[in-house]
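Participant: My questions all concern the structure below.
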Amino acid sequence: MLDTNYYDRLQIGLATADQIRAWSHGEVKKPETINYRTLKPERDGLFCEKIFGPTRDWECYCGKYKRVRFKGIICERCGVEVTRSNVRRERMGHIELVAPVTHIWYFKGVPSRLGYLLDIAPKDLEKVIYFAAYMITAVDDEARHRDLPSLEAKVQTERSRLEQRRDSELEARRVKLEEDMAQLEADGAKADVRRKVKDGAEKELKHIETRAQRQIDRLDAVWDRFKNLKVQDLEGDEILYREMKSRFGKYFEGSMGAEAVKRRLHDFDLKSESEKLREIIKTGRGQKKTRALKRLKVVQAFLDSGNSPEAMVLDCVPVIPPDLRPMVQLDGGRFATSDLNDLYRRVINRNNRLKRLVDLGAPEIIVNNEKRMLQEAVDSLFDNGRRGRPVSGPGNRPLKSLSDMLKGKQGRFRQNLLGKRVDYSGRSVIVVGPQLKMHECGLPKTMALELFKPFVMKRLADLEHAQNVKSAKRMVERQRPVVWDVLEEVIKEHPVLLNRAPTLHRLGIQAFEPQLIEGKAIQLHPLVCSAFNADFDGDQMAVHLPLSPEAQAEARVLMLSTNNILKPADGRPVALPSHEMIIGAYYLTMALDGLKGEGRAFTSLAEAIMAHDLGELEIGAKIKLRLKGIVPPHDETVRADGSVILDTTLGQALFNEVLPDDYPYVDFLVGKKQIGKIVNDLSERMTQLEVAHVLDNLKDIGYKWGSLSGVTVSIGDVQTPPTKPEILAGYETRAAKVDREYDRGAVTEEERRQDLIQIWTEATAELTAAMEANFTQTNPIHMMVDSGARGSMTQMRQIAAMRGLVADPKGDIIPRPIKSNFREGLTVLEYFISTHGGRKGQADTALRTADSGYLTRRLVDVSQDVIVRENDCGTTRGMPKTIAVDDGNGNLVRVEGLDTAVYARCLAADAVDANGNVVVEANSDLGDEEISRLIAAGISQIKVRSVLTCTAAQGCCARCYGRSLSTGHLVDVGEAVGIIAAQSIGEPGTQLTMRTFHTGGVAGDDITQGLPRVVELFEARSPKGKSPLAEAAGVIRIDESDNRRKLVLVRDDGEDDVEYVVPRRARLEFDLDGTHRVIRDGVRVAAGEQLMGGTADPQDVLRISGVRRVQEYLVKEVQKVYNTQGAGIHEKHIEIVIRQMLRRITVIESGDTQMMPGELVDRGAYEAANRKAVAEGGRPAEGRPVLMGITKASLATESWLSAASFQETTKVLTDAAINGKTDTLVGLKENVILGKLIPAGTGLEVYRNMRVEPTAEAKAAAFTMNYDPFDYDFGSGSGEAVPLDDLDLGDLG
């Protein structure tokens, strides 16, 4: 077998007939498959053992040779080679065709490659291939020119002869008529008899004349056609062609079907055609030039790749190995077979029939019909349904052809190559495991035994509990008691991977150390639920076992849950306490008045705990407490002995126990937000392992006090504010007043609607405030909402105050409010209007999931080959960013959105303060601390490095990318940052709303939002309701003549004025990015400025303002959508995708390079070609950047394997084959498809041959992971979990 890791490129091309025969192990001559009685393959049939190999290992067909000792012998009786049966998965056969057929991909694809090459319209080509017209394949011009005078003379002679014959026939008939008339007169016949005879004769005369004229016309037509006959002319008139052939057959050749096309391709001169087309491109213009460019692409492809154009016509068809198109017997004795077998049978049947007809010398028309049917059979084998009606099987289902085997989700690429089912895996329902440590998971014993079976068996044999592997296997299957002890030993230190579908981002698969548990459900640590998006309402998870030491090391170092605390999308902690844990922390840190023990002072925490245990002190009572070794929260004085006296509560002191000693004392109420901030601070200053330790403690204390708090929910906790009736009465009066004004005609329908919405929004707000004021601090529901454990004030309002205004399915707000709340119950009408809009929400969610998944797939595809390839590309370019603004009092305040714009990037240039001192050096990582330092030094503008300005030849460099958000330090070389970017953008996609919101029926206001807006931006589509942009700087003039409104831009540069026709309802007064703009007569605008309310088209921004502006515009617009949903995504992720969208350049003028005008070229290749041209003293090419949508950009990738596995498989493969494309395997997908290690992370050369050597301290500490300190007494370890810094992992850690 070929080792996939030892080749580095893969080429595709057109297979010639000789190559197909060379692959083949024999010709398939019969359509038979399996003998229904013996169930053995028929000889020379589609499953023949002689061709494809034996069906049983080491056994020939007739049974003469059995056993492995005859390996390699070919049986002289049946001709079958004695070998393994799995050769039936790789051995191919072939069908030798009696007549050639064209390959449907090259003829019927869009555009038709055959049509472009030969310059024939596809419908004309179809006529030739399917025997409806003849094609002239060769003309002997020289002989025709030489013999033309003599031939013309012959034709003239023939013509004269025809005329003479006509004249003599006419004369003879007239004489006969006269004789007949004379005879009738002599006989005294009646006048009408005479007239009848005369009429009959005249008819006959006319008939003679028309017949003769037809022969003369036919002769003229044949002669004219022959005189002007050119190669590749089509002739659909069979009679005319036959006559021409019989008269002038030696001067030309013509035929029908694929034979004609093959002959043409054989004689086709690619070089001269290429020169002719280049000449047309230089001199021609318009349609002619465009067509020449398209044709040159195909001609040049054949010249460059060395493919033979004749290979597009097949003389033999390959037959794929039988095990790839199996036939299996069902229970009832019937057979289930792959559709391919039926399609192959049709080809073989028609081929054999054609052979018989040719041998019999059947008439041409019958042979041609059979050839056409053979062509159709091969077409449907290659791509069923591409032309005409698809061949269907039982139940009218179209049969799956070879193309269908590759295409779509169930095709070979996506089903079997990019995703496979694996062994050493299992799945089960998950339940919560609150007792687990963060790096642990609970694995059911029976499941673990099955997963670790080989390890257990080996260990049983090593410990001599079993004599051999077979008896060890038996012991495992019978579950002997000793097996469980061995299992316990085997699983120690062996991580397993847990995965929850859908795996939307890298945190969907994490490694844990398994703990054996009883039962059948997997136990999951509560803090990792948010990363997996898991809950315990019946979710299932899959377990996978890393087998090799390398895989185990990667799982432990890179994937262990304690090393995945940060979210790759924004670099903030994802493993945060939630639900009961928040309630526990909230209850613990509450300080209430009037509790037992209030005002007392305690000398130590132990004393306070003792008082609490004796019932003298309540947990939330305000007390004075003396504590040692803490960081005071405010400016309390530290006494000489290092102690501080604090105003606090026992609960707060207990809460601070779980935090590190050097963390400032927490003396405030802790809810979800506060815990988030605490963990965020800790993750900035501590290692992930230490943070995991703190998180575990927070979880334990949260659960403990959550239980002790006794928080419950009852209907009595829902308290409707007593002032509700009078609050509503006041607003009802205002609403009635608006209605009266409307009835009088004082306000319009729209104004009334807006007023009512305004009134009832205010009413809801006031009632909500009254409700909040009505809750006591210890009200359980209020505690849940206020702490952030569950629910929100909006939900609370609907239960306790009033439901308020609701939207209808279109997204418009219904101006009638729902005054009841759920506690009181809704009226029938109120219930109806509230469900009306609610249903739309449900349907939306279902649609959103699919759309979001598809967006993620496209994003992954476009960015999959962006990998960090080098440490520093050395560029000095960067993106300017504002980090602070003046608040009006001379103080700098931090701007919004720094977390996603500047945080975790590298500085591009030294940040210097007003005195010229360097505050932060270039290439420094910008964390929260550095940003605060810059603002404190009075710096408001900095320049940061970005992937958009990175100059790395492939992928990007570590400095331009900055900090890896999931590890918290500079990104490693080899990190697949493109995939991380795609996951980070796609993962929150499902949360984004689908709807287009109407704020109140104002035209132009229904701007696309949510997921459709993100798709619109990434696909670079022209937006709905797009606004024109100023083509250049100048002054606007508004022209309202001709019954339409025009904006005329009078340009400053003196060029022609630009006119923009805008709708009458267009808003010329609008807000854009926080500034109010008014477009009126005489207003001055800058180039690229928006001229009316709406959305700018990114293509226009690129054309007018250039690449940098369109990059900024796209980043800003995508961020806008995610920010409205509160999903923080770092800008570097969006930048990676945008960089991929702007990777291509359209060549306008080729200069002295090999590139063709109109060709799409990769930016790097374009710049390299230009540098080469200039170095050789030539002219560089001219081009302009292109903004491609992500789908188009994915298909335009250099890798044909990656593009084919994405979309339009047949089209991509057709193009790649003609161009003889080579895939250099630099991206991830192509390597996954081929089963190679991916060129990212540990798959890079650097890490391939690396050995992991633990230090002495790490070896000692390694055994202390799961024990308490008193459990061991060896080594020099500290008893902490393995400190990863001590492991010498190269660049991995």
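Placement of Cβ uses the backbone N, Cα and C atoms for every residue, glycine included.
Okay, so Swiss-Prot annotates it like this:
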BINDING   Cys60, Cys62, Cys75, Cys78  Zn(2+) 1 binding site
BINDING   Asp535, Asp537, Asp539  Mg(2+) binding site
BINDING   Cys873, Cys950, Cys957, Cys960  Zn(2+) 2 binding site
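Buried or exposed, and what's around them? Tell me for each listed feature.
Facilitator: Around Cys62 (Zn(2+) 1 binding site), taking its Cβ as the centre, 14 other Cβ atoms fall within 10 Å, counting all chains.
In three-state terms derived from DSSP, Asp537 (Mg(2+) binding site) belongs to neither a helical nor a strand segment and is classed as coil. Shown in sequence order, the list is empty: the chain has no residue 6+ apart in sequence with a C-beta less than 8 angstroms from the C-beta of Asp537 (Mg(2+) binding site).
Non-local contacts of Cys873 (Zn(2+) 2 binding site) by the CB criterion (under 8 A, 6+ apart in sequence, same chain) comprise Cys950, Thr951, Ala952, Cys956, Cys957, Arg959, Cys960. In the three-state DSSP scheme, Cys873 (Zn(2+) 2 binding site) falls into the coil class.
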Participant: Could you round the CA separation between Cys62 (Zn(2+) 1 binding site) and Asp535 (Mg(2+) binding site) to a whole angstrom and send it over?
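Facilitator: Given the Cα positions, Cys62 (Zn(2+) 1 binding site) is 60 Å from Asp535 (Mg(2+) binding site).
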Participant: Based on Cα distances to Asp535 (Mg(2+) binding site), point out the closest of the binding-site residues Cys60, Cys75, Cys78.
Facilitator: Cys60
Participant: Neighbourhood of the Zn(2+) 2 site (Cys873, Cys950, Cys957, Cys960): other residues with Cβ within 8 Å of the Cβ centroid, in order?
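Facilitator: Everything else in range on the chain: Glu870, Asp872, Thr875, Arg945, Val947, Thr949, Thr951, Ala952, Cys956, Ala958, Arg959, Tyr961.
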Participant: What does DSSP call Cys62 (Zn(2+) 1 binding site) in the simple three-state scheme?
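Facilitator: Looking at the DSSP assignment, Cys62 (Zn(2+) 1 binding site) belongs to neither helix nor strand, so coil.
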Participant: Just to verify a number: CA distance, Cys75 (Zn(2+) 1 binding site) to Asp539 (Mg(2+) binding site), in angstrom, no decimals.
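Facilitator: So the alpha carbons of Cys75 (Zn(2+) 1 binding site) and Asp539 (Mg(2+) binding site) sit roughly 57 Å from each other.
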Participant: To the nearest whole angstrom, state the Cα distance for the pair Cys78 (Zn(2+) 1 binding site) and Asp539 (Mg(2+) binding site).
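Facilitator: It is 57 Å, counting Cα to Cα.
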Participant: In this structure, which of the binding-site residues Cys60, Cys78, Cys957, Cys960 has the fewest other Cβ atoms within 10 Å of its Cβ?
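Facilitator: Taking Cys60, Cys78, Cys957, Cys960 as the binding-site residues, the minimal 10 Å Cβ count falls on Cys78.
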Participant: Identify all same-chain residues not among Cys60, Cys62, Cys75, Cys78 whose C-beta atom falls within 8 angstroms of the centroid of the Zn(2+) 1 site's C-beta atoms; report them in sequence order.
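Facilitator: Near the Zn(2+) 1 site, the remaining chain residues are Tyr61, Gly63, Lys64, Tyr65, Glu76, Arg77, Gly79, Val80.
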Participant: Could you check the binding-site residues Cys75, Cys950 and say which one's CB has the most other CB atoms within 10 Å?
Facilitator: Cys950
Participant: Enter the number of other CB atoms within 10 angstroms of the CB of Asp539 (Mg(2+) binding site).
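Facilitator: By my count, 17.
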Participant: Tell me the Cα distance separating Cys60 (Zn(2+) 1 binding site) from Asp539 (Mg(2+) binding site), rounded to the nearest angstrom.
Facilitator: 51
Participant: When DSSP states are folded down to helix, strand and coil, where does Cys960 (Zn(2+) 2 binding site) land?
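Facilitator: DSSP assigns Cys960 (Zn(2+) 2 binding site) to helix.
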Participant: In the same chain, which residues outside the set Asp535, Asp537, Asp539 have their CB within 8 A of the centroid of the CB atoms that define the Mg(2+) site?
Facilitator: Ile430, Ala534, Phe536, Gly538
